[in-house]
Amino acid sequence: MRILLLLLQNILVFCQFLQTIKVGLMFSKDTASVIRSVGYRTSAAAVLVAKDRIRAEHLLDQYDFNFTIKFDECSESLAAGKVVELLTHDNVDVIIGPTCNRAGVAVASLADFYNVPVFQWGLTTTADIGNFSRYQTTVTLSLDTHSISLAVREILRQYGWSEFVFIYSNDGDEEKCAAMKDDMEKMGIENSDVTMAYMIQIQTVTMESLQRTLLEVSKRGRIIIACFASGRGFKKAFIASTVLAGMSTEEYLYVFAEPQSRGFYVDEADGKVHYSWDDTDGQLVTGLTNEQIRDAYGKVLYICDNMGEPTTITTQYTNFTSQVISRMAEQPFNCVQDCSNQSYKHAATYAGQLADSFYAYAFALNKSLTQDPTRSNLKNGSFVLSNIGMTFQGVGGEAVTLDESGSRIVQVYMFAMNSSLLPYMAASLLVNVSEVVFTPFYKSESELWSVRPLSRPKCGFTGLECPADFVKEYLVYTIIAAFIVILALLAGCAGLLYTMHMKRKEMERQDLLWQVAFVELQQVQSKSRAEASMHSFASGPSTSTKMTVESRTETTNFIFYHYHQEVVAAKKHDLLVLFDANQKSEFRQMRNFDNDNLNKFIGLCLDGPQLLSLWRFCSRGSLSDVISKSSMQMDSFFMFSLIRDISNGLYFIHSSFLKCHGQLTSRCCLIDDRWQIKISGFGLKSVRTFENPKKEDLLWASPEYLRNEDQERLPEGDIYSFGIICAEILTRSSAFDLENRKEKPDVIIYQVKKGGHNPTRPSLDTGETVVINPALLHLVRDCWTERPSERPSIEQVRSHLNGMKDGRKTNLMDHVFNMLETYASTLEEEVSDRTKELTEEKKKSDVLLYRMLPRMVADKLKLGQTVEPETFEQVTIFFSDVVQFTTLAGKCTPLQVVTLLNDLYTIFDGIIEQNDVYKVETIGDGYLCVSGLPHRNGNDHIRHIARMSLGFLSSLEFFRVQHLPAERINLRIGINCGSVVAGVVGLTMPRYCLFGDAVNTASRMESNGKPGQIHVTAEANRMLTQVVGGFRTESRGEVIIKGKGVMETFWLLGEESGYTAPSKAAPKVIQHRQSIRSISPILEKNAEGSETSSLSVDQAGDNNSETV
């Protein structure tokens, strides 16, 4: 005993000092296309098996594991969000998953940024994820498409095939074949001895599209490599199409090269496999027998991993898959009910990779911690993966080898059909980075084919390349060739002349687009006195609201016109210029500019009193005026959106033929009615060359331009101007805050031009009211550095700005409206809040009222109207009672009784919602329902009640008491048809009650029924069998009913097709220990002479009914 106590003490001390490794697991749970291969319910427990192995091998003995599970559903955006939660909220040390390509790329990118190790598995087959130079913290154990392409290249070399055709389709799987296509295309480009002669994509796989494609391919190649989605019957249809197209001869060879493949086999839902030619998934009508298609498979090779051959699955792997399924009920998955479906009884195809991935991580981490045991190294992806080189035995018994870069050295196999038309493993290919070792398992190539196919037939693909008789053909060919040459020359000359003519016409047409006639311009008429001192056409009296164009008629620099029912701003140019062809080309291209953050260039007016350049009018003015005159406060999101808009517009300009703006100021940044920045004033270099810039515009000019105004404007100068504009936005003041400085613009310009170690720049004091990202301030300072070479490019600026996003996707216009609403009167807000609260409370009260009373009755009571009693000539009344409920309740606490009834009645309520049935009362274990009121439904009331009753009994087969799983619930049900009177009784607590002898009779049917049986009256039986039909009943015979005498009653057995009630031998129920009769507010007259009964809250039961 003393030794045992010491041992327990040591264990407790050991546990207290265990550190926890937080493991993030990412799965796809409900994506139907990947459930069989990587589904959560059939693979997640593999980490527990791997954990046991880690413990058995004494890896990471000082650490325990804590698992956090996220479901990405193979969605790129969802995976990105979930991995951010894991990294920032859950603070995991490693991520295992995800299992799909697009999600995998998103997670690998983020993990590389956070330097957290990621081990991916399953369907992550794209070569991008395995690119260690790109994702240095990600390891994948999946067979990727790059390895497959290398194996294909080696097979082509082995058999002397220099060219091939690639056919693929993304129908049914948008990831697998798209990745395969990229690597096959890359392989064909990078290898001079292997050429991809033709590649074609089939958008929608049908027998017609397959045959059309094959006929086209027959003109391009004989070695055909194909990739299709698995589990859709596409491969079978493709091979069938080769037969129908006459291409299943020895001349052709078809290679299915793809990851996630089972080779000649197809998975079934029960975990078994069958041959591909027997595939019935998504079966396309081929018109051929399976035997005919099987014969055509003799011209097929499969390149895949050892999952393509069921005979390679070891006993060790079979035991592993059994553990995966059985341990899903353990922590942290606790998947019992959700995993109970029969389709989840077999482990996912790639569950073994999950276990191997987790073990590889533990192996690498253990080795890393041996070198440096500091805690920070747990999630240091670069450090952990520096020891990723390893070789270990996988769960399936095969050797798993990773090199120092984390790339898996994979073993790929070539499968073929033998002479007996049965699949066999023909060769293996060991793929190590770029080297492939080919090992054939056959003794002679005759086992593969009688004659090796040629990549190019001797007479060509059309059979016309064999030399013909020169003497016979020479004269005819010469005449035809000469004729063709003459026609070609004539056609070429005519085509050239026509092209030149059309090009000249097109240029003239496009020139007409930017040349605006002065007569087409109608000057805007002012409604009021013209605004004075408008220093730019974008300025205005207020930017809080949209300004009317009538307030803008003419300024010093601009005139405002109507042109084609659109308001335009015409900039005045006091010069006349004759434009050459290059300048006209510039105007044509500017006219075609279409970007959300560039103001539309309309054109030039050359025939007016002076030269005018026309631009689209922006109603909210310029950014300069918004900053200087707006009374609306800008928050950080508003500022960031404005800066981002400017960077996007500037990026478009720098990427275009213009290369730079040259005169970027905040006055050029216009704001439209959606609060979006539109950069204006770009281009027109030939016009600006002869114009002197205004002094105040030089506040945005770069120092190098101020020192030499004759030099050409460069993109670096735009970046400087961008920095000045950003300072205006962040400080909500003009450039260099002239209003609050003593210096005049000339002095500031001189100081900027002078430069020095501490050059003059605007202040970046943003105040305390707005929180600005410090990284944004650093970026602004980088933009206005003295040396142009040290300033970031616009691409770098955009990249930095994208990195500063806070994850919000709010539109700026919506944000502005939110700001305006925020600054609305407090009275309006309070009224709105109170109105919302009142509406919500009204909704809650309505929901509660509609649960207590029928909607039409409740609506009348709400309106203060009297609900008159109403007679319903024919309805069906339903009573039920839980058998031996008192005995069952005696084994439960009061709270457990409530939970039991809540679970049971929740199921019943769901069944009621599927039928036109009104639930009157539930008191204790009693249940009263009626159909045919308050809405009359003809004779359908008996059908709805019957189906509901059958549904109740059917649901009990799967219902389990949570705290007493061995116990079973059984019901006794009674049904009667007849007339009733329904009305509302009471004022303080009004109840919708039923009155009539039919109610009492239905209650007697229940109390005189048997467990698990539906007891119906003769009238109900007549309605079921003669009126509505479709139900099976059985006569019980004559029964003495209390208060009714002798009655013939019946059992409802079920519908003609559908659920059937259990046999009369009811299942064993809880032993009756005591009988407690409880009658709630029920009006039940003397049982012997009662002609009318009423029921408001409970049923009138017999001695064998219990209520708790």
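Cβ coordinates come from backbone N, Cα and C, glycine included.
The N-linked glycosylation site entry in Swiss-Prot, when matched to the candidates N366, N1103, corresponds to N366.
When the residues N341, N432 are compared with Swiss-Prot, the one annotated as N-linked glycosylation site is N341. When N66, N418 are compared in Swiss-Prot, the N-linked glycosylation site annotation sits on N66. Taking every pair among L489, L490, A491, G492, C493, A494, G495, L496, L497, K571, the residues listed as contacting ATP, the largest Cα to Cα separation comes to 51 Å.
The number of other Cβ atoms within 10 Å of the Cβ belonging to A491 (ATP binding site), over all protein chains shown, comes to 11. Reduced to three states, the DSSP call for A491 (ATP binding site) is helix. With a cut-off of 8 Å between CB atoms and residues at least 6 apart in sequence, the same chain places nothing near C493 (ATP binding site). Just so you know, the Cβ of L489 (ATP binding site) picks up 10 other Cβ atoms within 10 Å once every protein chain is counted. Taking Cβ-Cβ distances under 8 Å and a sequence separation of 6 or more, L497 (ATP binding site) has no neighbours in its chain.
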